[in-house]
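Trainee: Dropping a structure here in structure tokens format, bear with me for questions.
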Amino acid sequence: MAKAKYERTKPHLNIGTIGHIDHGKTTLTAAITKTLSQVGGAKATSYEEIDKAPEERERGITINTSHVEYQTETRHYAHVDCPGHADYIKNMITGAAQMDGSILVVSAADGPMPQTREHILLSRQVGVPYIVVFMNKTDMVDDPELLELVEMEVRELLSFYEFPGDDIPVLMGSALKALECGCGTRECEWCKHIWELMDAVDSYIPLPQRAVDKPFLMPIEDVFTITGRGTVTTGRVERGQVKVGDEVEIVGMREATRKTVCTGVEMFRKLLDYAEAGDNIGTLLRGVDRKEVERGMVLAKPGSIKPLTAFNAEVYVLTKEEGGRHTPFFGGYRPQFYFRTTDVTGIIQLPEGVEMVMPGDNVQMAIELITPIAIEEGLRFAIREGGRTVGAGVVTSLNE
């Protein structure tokens, strides 16, 4: 078969392997690259290379993550795999590796285990929208009824956490056997299962909406006045696009929002007709006084986001070694919450039955800010104390 050349025209998705330790996530990642390398869709990456994941820093937190890339006939994928359980938690909460979908690896010999459950819950909490299941190590199970039983258990667990357990594709195979064989053909007893998995990922996980197609939002980083022209706010467009003449809403830091019109957009001192996600811009706002706008607010498409003070979140608390707290904290703890461009004080309420939170824990909590911020589900934040990061979190639901 002719080598597939990397076409930038293929749509791009971010995915990753999740699941319990030793169920075969890293072996599967290696097997996917090995199988696809046979048709020129990847560079074969060994288990050892993936396992020695380099350290990365995201929001002041060190995370070990391995990235591989590969492509099928229709898509290009960036795939993340983490060596340790704590790395997964940190990765998912900080959004260091935003996943459009994930491959849940479950050992057919063991069935779902505690981290299987925890990774499914985290996926639900942080908004990983789609899961495909790979039941691994089927070569170690002789009894087909046992396989059916494990599949049923996995589907029930997914349904429990509000994923469509009955509809999710569940594929079976042995990542190790496919990796050892390495022929990569669809006819092969072991390699064919890797192809079946990739076909399922291709067809079941839809393409994500591009940032540019979402409603406009720009966190305000700075504000200044141009004499005779008016007030300019600067920042990087997070999503969507803004055109000269568009109505925009200023949201956050106050109870009320304020609508205005964007009368000018410039980037690198050049005037533009419009700007889109990723651009660093200055926007001229009609009739807005310098005192009415400050860092920490956002410019957004009117009605697309509200200023709120109360929300629920999933939080990872840094360990002492990571530069976090040395001692636990309790309900009523009042740190700073850093959203986008600014710190706001908030009060933490712990769930019933949770007395205290230790460094290294991940926990669900309710938070009440003293100042309203433009908040939505999936928004990431850091928890800071005296200028240093002590935790990272993601908004899971809003309390209006």
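Cβ coordinates are placed from backbone N, Cα and C, and glycine is handled just like the others.
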Trainee: Looking at 45-48, 81-84, 153-156, which one is region 'G3' according to Swiss-Prot?
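Mentor: Swiss-Prot lists region 'G3' for residues 81-84.
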Trainee: Looking at 136-139, 164-167, which one does Swiss-Prot call region 'G4'?
Mentor: 136-139
Trainee: When Swiss-Prot marks a stretch as region 'G2', which of 60-64, 205-209, 285-289 is it?
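Mentor: Of 60-64, 205-209, 285-289, Swiss-Prot gives region 'G2' for 60-64.
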Trainee: Per DSSP, what is the helix/strand/coil residue tally across the region 'G3' (81-84)?
Mentor: 0 helix, 1 strand, 3 coil
Trainee: Who sits close to His85 (GTP binding site): which same-chain residues at least 6 apart have their Cβ under 8 Å from its Cβ?
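Mentor: Listed in sequence order: Ile21, Gln115, Glu118.
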Trainee: Tell me the coarse DSSP state (helix, strand, coil) of Asp22 (GTP binding site).
Mentor: coil
Trainee: For Gly19 (GTP binding site), write down the residues of its own chain that are at least 6 apart in sequence and whose Cβ falls under 8 Å from its Cβ; none is a fine answer.
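Mentor: The list for Gly19 (GTP binding site) reads Lys25, Leu104, Val105, Val106, Gln115, Thr116, His119, given in order along the sequence.
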Trainee: Which number gives the other C-beta atoms within 10 angstroms of the C-beta of Asp22 (GTP binding site), all protein chains shown included?
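Mentor: That number is 13.
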